[in-house]
Amino acid sequence: MIGRLLRGGFMTAIYAYLYIPIIILIVNSFNSSRFGINWQGFTTKWYSLLMNNDSLLQAAQHSLTMAVFSATFATLIGSLTAVALYRYRFRGKPFVSGMLFVVMMSPDIVMAISLLVLFMLLGIQLGFWSLLFSHITFCLPFVVVTVYSRLKGFDVRMLEAAKDLGASEFTILRKIILPLAMPAVAAGWVLSFTLSMDDVVVSSFVTGPSYEILPLKIYSMVKVGVSPEVNALATILLVLSLVMVIASQLIARDKTKGNTGDVK
């Protein structure tokens with residue numbers, strides 16, 4: 001009984017630690033007090049001011065564009081890489097697997113400096129393309145690991161049976177592997193989107209003044225105090241992220257049920 005109460009209290013403390021700051025942020029986005037120290041009444045004026053803050057909206061647009069592109073490319077390349085690591089034997093396979101974990105475990109500052117040196121050596125101007133390549137680089141291993149873990153749970157006999165029945169490798173990939181891996185693919189995309197949206201360290205090294213993204217914009221703003229418009233924008237992004245997670249899970253579930261029934 002005591003152990004159950006301790007476990008319940010421990011879990012409650014963890015959830016409170018995780019979600020109370022988010023709740024405070026959402027509440028303050030509707031608080032008429034500019035400093036958010038005490039509640040002074042409900043208002044939506046911070047959302048109205050946000051709509052007129054061109055620099056903040058432009059940074060948000062840049063971040064959303066970067067997150068969508070980097071998540072899409074990282075998911076595409078990472079999913080195919082995971083399939084290759086799962087299905088085929090080739091020279092250098094252990095090296096490729098090891099390098100993926102090296103990228104995942106490397107400190108952000110190390111990756112940031114490495115990418116900056118690479119761009120300088122190649123003569124690439126810092127801006128959209130350097131930032132996109134960098135975000136794809138650090139998102140890619142997470143997609144590979146997520147999709148590969150899903151593939152490892154497959155029944156290999158199903159793939160062998162499809163091959164014995166004359167299915168080509170492309171048909172096996174399209175009809176069996178991808179539909180069954182779709183939940184992991186969707187999870188990899190959402191994870192990549194989130195990693196791209198909140199990255200500060202790598203982005204601060206590899207972006208240029210012509211392409212300012214939201215995390216760097218907010219970081220520069222909070223040095224002189226958190227603006228209520230930032231609370232409003234964070235609330236909108238939080239709702240957007242929640243909608244994407246729910247939608248990706250529903251889409252992945254529907255595709256898994258529908259496509260696996262069509263395998264012949």
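A Cβ is built for glycine as well, from the same backbone N, Cα and C atoms used for every other residue.
Membrane topology per Swiss-Prot: Arg7 and Gly153 share a side, carrying the same topological domain name. With a cut-off of 8 Å between Cβ atoms, the residues of this chain six or more beyond the transmembrane segment (8-27) that come close are 36, 39, 231, 234-235, 238. Across all of the topological domain 'Cytoplasmic' (252-264), the predicted model scores a mean pLDDT of 54. Panel annotation: around the topological domain 'Cytoplasmic' (1-7), no residue of the same chain lying at least six beyond its termini places a Cβ under 8 Å from a Cβ of the stretch (none).
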